[in-house]
Amino acid sequence: MREMGGSFAYLRVELGDFVAFIAAGNILLEYVIGGAAVARSWTGYFATLCNHDANDFRITVNSLGDDYKHLDLIAVGVISIICVIAVLSTKGSSRLNYVASIVHLVVILFIIVAGLAKADAKNYTPFAPYGARGIFKASAVLFFAYVGFDAVATMAEETKNPGRDIPIGLVGSMVITTVVYCVLAMTLCLMQPYQTISPDAPFSVAFEAAGWGWAKYVVAAGALKGMTSVLLVGAVGQARYLTHIARTHMMPPWFAHVNEKTGTPVNATIVMLAATAIVAFFTSLEILAELLSISTLFIFMLVAVALLVRRYYVSGMTTTQNRNKLVGCLALIIVSSIATSAYWGLSDNNDYIGYCITGPIWVLATVALAFFVPKAREPKMWGVPLVPWLPSLSIAMNIFLLGSIDGASYVRFALWTCVLLVYYFFFGLHASYDTAKEYEANKIQDGGQWKKVEEGDVATETNSGSGEVNSQKASTDPSG
């Protein structure tokens, strides 16, 4: 069985179990928060369809904090229905998503064409009302839209040709999503002044404000179908992710159980969607978006670091001197990126002195990595171009955007990370160590000749005596 867990498997191979577990915990948090945010947005568009405000369908408890007092039973109900569908059949989920995607594309085309017919260029004045800081803060929250791409890699074991299909799926879907997102944002801002855009159902409200009240029903119905599809894809992806982690015993193996009749990871699906429903019940969309973006940016940064490690370091082959050079360059890239982000957050808009120090350090560290550290391997199938420049820029940009997120979200992120650390050191570390020892003992007992095979960037261990392939350590490199 092809067993690939996206960034978790990749980080586990390149940076070790500890980094992979912290990343995995944040990826699971992404799925939970992302699903909760979409479920609450579902309530917003449903309310628009019924000519009501979103909070009219929520229970208000004034004794709770402002960000947690609107209890959303509709979001919980939608997630419960999605859970039943995801548990029953992966193929059924795929068919439903296929139909929903076609409807969603039709609605998107309608929004763009009809929205531009109501466009008013005056709404672009002022073009950037909150300046450069507002743009970067919005960009940090924008990563909300890129959470689901890792789910493509988690579905690798259910594809016929993952070496070809996964890269096409990832790159193709990311390009399409980025273009569509930008066009929709442009259309929305041309239809309505930014001050009056609704946070709950922006396009429906924009069409109503433009005098096309009938169009808001088309948009709301299409949005509901689209968000239902997103929830279903997330449900399938997050369950597979938890299943993969459980197979390493970093999480209880109970989560890895796959139902023989349905062929789905029932336990993982129910637990993840239960957590999603609880978060969606209490938490406001703004809180969810900020926290979700921290996790996403953090994971993207780690994957970029892992890519550089994969290209420049191979255990047993890379010399100590070259390894130290790599560590030094990576340290300078990360530290200079953190310093740039911190300086941006603390300095005045017109103060550029600090960038004259941190910027050149980043450039020199990347130049040193490119010219003074020999590459340990090249991709055989597909790969990220412009290494080390592109991953180094990815590290810098992700860290820079992290500096644009508010402090309260970092407190929540730190609390979650502490929970992960406590679990890992008291339970996950010992369980994964015992599993690794058992794995080594089985190899010795088998008596076959085991060797490491790399085809492209998929690393596996093969028993030449029995022809078996162990994919526990397999990973698909996002770099190729």
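Yeah, the Cβs are placed from backbone N, Cα and C, and that goes for glycine too.
The transmembrane segment feature in TrEMBL is assigned to 18-39 (among others). Here the transmembrane segment (18-39) has Cβ contacts under 8 Å with residues 5-9, 11-12, 72, 75-76, 78-79, 144, 147-148, 150, 227, 230-231, 234-235, 237-238, 241-242, 245, 250, 272-273, 275-277, 279-280, 283, 285, 288-289, 291-292, 295-296, 298-299, 302, 416-417, 420-421, 424, 428-429 of the same chain, all six or more residues outside its ends.
Residues annotated as transmembrane segment in TrEMBL: 71-89 (among others).
Residues or ranges marked as transmembrane segment by TrEMBL: 96-115 (among others). Distant neighbours of the transmembrane segment (96-115): 85, 180, 183-184, 187-188, 190-191, 203, 206-207, 212, 215, 218-219, 221-223, 225-226, 228-229, 232-233; these residues of the same chain sit at least 6 beyond its ends, with a Cβ under 8 Å from one of its Cβ atoms.
Annotation source TrEMBL lists transmembrane segment at 135-156 (among others).
Among the features that TrEMBL reports, transmembrane segment is placed at 168-194 (among others).
Per TrEMBL, transmembrane segment is recorded for 214-243 (among others).
Taken from TrEMBL, the feature transmembrane segment applies to 264-285 (among others). Nonlocal intrachain contacts for the transmembrane segment (264-285), taken as residues 6+ away from its ends with a CB within less than 8 angstroms of a stretch CB, comprise 28, 31-33, 35-37, 39-41, 64, 66-68, 70-73, 75-76, 79-80, 82-83, 86-90, 199-200, 235-236, 238-240, 242-243, 246, 254-258.
The transmembrane segment annotation in TrEMBL covers 291-314 (among others).
Residues 136, 305, 308-309, 312-313, 318, 354-355, 357-359, 361-362, 364-366, 368-369, 373, 392, 395-396, 399-400, 402-404 of the same chain sit 6 or more residues outside the transmembrane segment (326-346) yet have a Cβ under 8 Å from a Cβ within it. If you look up TrEMBL, you'll see 326-346 (among others) marked as transmembrane segment.
Taking Cβ pairs closer than 8 Å, the transmembrane segment (352-374) reaches residues 308, 312, 322, 325-326, 328-330, 332-333, 335-337, 339-340, 343, 388-389, 392, 396 in its own chain, all 6 or more past its ends. The transmembrane segment annotation in TrEMBL covers 352-374 (among others).
The domain 'Cationic amino acid transporter C-terminal' annotation in TrEMBL covers 382-432. When DSSP labels each residue, the domain 'Cationic amino acid transporter C-terminal' (382-432) comes out as 40 helix, 0 strand, 11 coil, counted as helix, strand and coil in that order.
Among residues of the same chain six or more beyond the transmembrane segment (386-405), those with a C-beta under 8 A of the stretch's C-beta atoms are 133, 136-137, 139-141, 143, 290, 293-294, 297-298, 300-301, 304-305, 307-308, 311-312, 333-334, 336-338, 340-342, 344-345, 362, 365-366, 369-370, 375, 479. The transmembrane segment feature in TrEMBL is assigned to 386-405 (among others).
What TrEMBL records for 411-433 (among others) is transmembrane segment.
Summarising the annotation, TrEMBL assigns region 'Disordered' to 455-480.
Annotation source TrEMBL lists compositional bias 'Polar residues' at 460-480.
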Contacting positions for the transmembrane segment (291-314) when only residues 6+ beyond its ends and CB under 8 Å are counted: 7, 10-11, 14-15, 19, 23, 26-27, 29-30, 33-34, 37, 140-144, 146-147, 150, 322-323, 326, 330, 334, 369, 373-378, 384, 387-388, 391-392, 394-395, 398-399, 401-402, 405, 409-410, 412-413, 457, 477-479
Model confidence over the domain 'Cationic amino acid transporter C-terminal' (382-432) (mean pLDDT, whole number): 85
